[in-house]
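Novice: Checked Swiss-Prot, it gives:
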SITE      19  site 'Transition state stabilizer'
ACT_SITE  24  active site, proton acceptor
BINDING   75, 81, 88, 102, 103, 112  substrate binding site
ACT_SITE  101  active site, proton donor
């Protein structure tokens, strides 16, 4: 197999499909993860998925990826705007990563406009709904 990709979903994304569907859509996290795995396989890559509502658990999973994963795709959700610790973890493992958001955070509340990750990310994908996950997998496998 080619690239190994780790997909990390942050807080509240376990509620996909039911939480604010007018913003996040009706696709469940389970369905989204399966779709991403299948798409990665079709490109000759392997994708692992992980979700947590806890910042420390996300950091631990990033650390565990060191030396084992080629690319990280992360939707840090609310931690985008608050977590220097996740930023530091991503910098510390020296794995290229893609920052991903379902909605366009710049069209939402002002506090969502700042990201602690964007300036370190290889790419930022936002505003494409759950289709952004497919785009992220494509970019990760073909370019990183």
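Each Cβ is built from the backbone N, Cα and C atoms, and glycine gets one as well.
Worth saying up front: this structure is predicted, and the values here are computed from it rather than measured.
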Novice: For the binding-site residues 75, 103, which one has its C-beta crowded by the most other C-beta atoms within 10 angstroms?
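Specialist: Checking each of 75, 103, the winner is 75.
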Novice: Of these recorded positions, 81, 101, which scores lowest on Cβ atoms within 10 Å?
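Specialist: Looking at the recorded positions 81, 101, the Cβ with the fewest others within 10 Å is that of 81.
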Novice: With DSSP assignments reduced to helix, strand and coil, which class does residue 103 (substrate binding site) get?
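Specialist: Coil, per DSSP.
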Novice: Can you tell which of 19, 112 has the most other C-beta atoms within 10 Å, given these are the recorded positions?
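Specialist: Per the Cβ count, the most surrounded site is 112.
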Novice: To the nearest whole angstrom, state the Cα distance for the pair residue 101 (active site, proton donor) and residue 81 (substrate binding site).
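Specialist: That separation, Cα to Cα, works out to 12 Å.
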Novice: Can you tell which of the binding-site residues 75, 81, 88, 102, 112 lies nearest to residue 24 (active site, proton acceptor) in space, using Cα positions?
Specialist: 102
Novice: Once the chains shown are all counted, how many other Cβ atoms turn up within 10 Å of the Cβ of residue 24 (active site, proton acceptor)?
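Specialist: Taking all protein chains shown, residue 24 (active site, proton acceptor) has 18 Cβ neighbours within 10 Å.
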Novice: Whole-number answer please: how many Å between the C-alpha atoms of residue 112 (substrate binding site) and residue 19 (site 'Transition state stabilizer')?
Specialist: 17
Novice: I'd like the Cβ neighbour count for residue 102 (substrate binding site), meaning other Cβ atoms within 10 Å of its Cβ, all protein chains included.
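Specialist: That number is 23.
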Novice: Using only the residues recorded as binding substrate (75, 81, 88, 102, 103, 112), report the maximum Cα-Cα distance in Å, whole number please.
Specialist: 24
